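Pulled from Swiss-Prot, these are the features on record:
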ACT_SITE  HIS32  active site
ACT_SITE  GLU82  active site
ACT_SITE  HIS86  active site
DISULFID  CYS17-CYS22  disulfide bond
DISULFID  CYS42-CYS89  disulfide bond
DISULFID  CYS152-CYS188  disulfide bond
DISULFID  CYS170-CYS180  disulfide bond
CARBOHYD  ASN43  N-linked glycosylation site
CARBOHYD  ASN73  N-linked glycosylation site
CARBOHYD  ASN116  N-linked glycosylation site
Amino acid sequence: HEWKKLIMVHHWPMTVCNEKNCEHPPDYWTIHGLWPDKSGECNRSWPFNPDEIKGLLPDMRLYWPDVLHSSPNHSVHFWRHEWEKHGTCAAQLDALNSQRKYFGKTLDLYKELALNSTLQKLGIKPSISYYQISDIKHALVGVYGVVPKVQCLPPKSGEKVQTLGQIELCLTRDLQLQDCPEPGLEICEDGPVFYPPPKE
């Protein structure tokens with residue numbers, strides 16, 4: 001179960017919700033998870049306990065909600081899944097070896113990386129005009145100094161272009177940024193991409 005890197009996964013709620021209906025999705029990038037590469041469900045006898053992250057709940061609800069289901073109970077199911085599948089593996093690291101540390105550190109990374117404000121400062125905002133994938137990638141490399149992984153949903157019938165879905169930043173085992181390896185699942189094609197604005 002040895003893993004080599006962590007992947008900080010941000011997703012864009014409008015794209016997630018385009019696939020399914022959501023009520024009032026956040027209009028900012030939220031956390032999908034902090035995932036060790038190449039492993040899952042490392043310890044089935046370490047159940048998720050919401051009491052351990054009580055102090056983190058206000059931030060969890062804001063930055064790590066279950067975008068598809070707005071009820072708070074659903075977010076607990078989502079966090080349980082993330083802990084059982086990914087957190088139990090991440091816990092190999094001292095910095096992440098409890099539920100409080102795993103969720104707390106992920107929130108810290110989210111705030112430090114500040115993807116939302118970074119994209120805005122770069123002038124990359126949700127728009128009905130399209131962006132070029134290469135422009136988004138190069139802009140992010142300029143800020144973070146590493147190559148991110150940008151993931152898209154392919155165009156559905158009637159759509160002209162792919163839709164921006166997730167942005168991943170990769171970290172070493174000592175939580176330093178590193179290049180994300182190419183390629184991967186659902187990676188974006190070169191060319192135009194739609195970064196969907198919130199529905200009115």
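Note that Cβ sites are derived from N, Cα and C of the backbone, with glycine treated the same way.
Positions of Swiss-Prot features highlighted on the structure.
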residue	record	Cβ contacts under 8 Å, 6 or more apart
CYS17	disulfide bond	PRO25, VAL67, LEU68
CYS22	disulfide bond	PRO13, VAL16, VAL67, LEU68, HIS69, SER70
HIS32	active site	VAL9, HIS10, HIS11, GLN166
ASN43	N-linked glycosylation site	THR88, ALA91
ASN73	N-linked glycosylation site	none
HIS86	active site	GLY33, LEU34, TRP35, PRO36, GLY40
ASN116	N-linked glycosylation site	TYR28, TRP29
CYS180	disulfide bond	ILE7, VAL146, VAL147, PRO148, LYS149, GLU168, LEU169, CYS170
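The CA atom of CYS42 (disulfide bond) is located 29 Å away from the CA atom of CYS152 (disulfide bond). Spacing of CYS188 (disulfide bond) relative to GLU82 (active site) is 24 Å (Cα to Cα, whole number). The Cβ of CYS42 has fewer other Cβ atoms within 10 Å than any other of the disulfide-bonded residues CYS42, CYS89, CYS188. Under the three-state DSSP scheme, ASN73 (N-linked glycosylation site) falls in the helix class. According to its DSSP assignment, HIS32 (active site) is in a strand.
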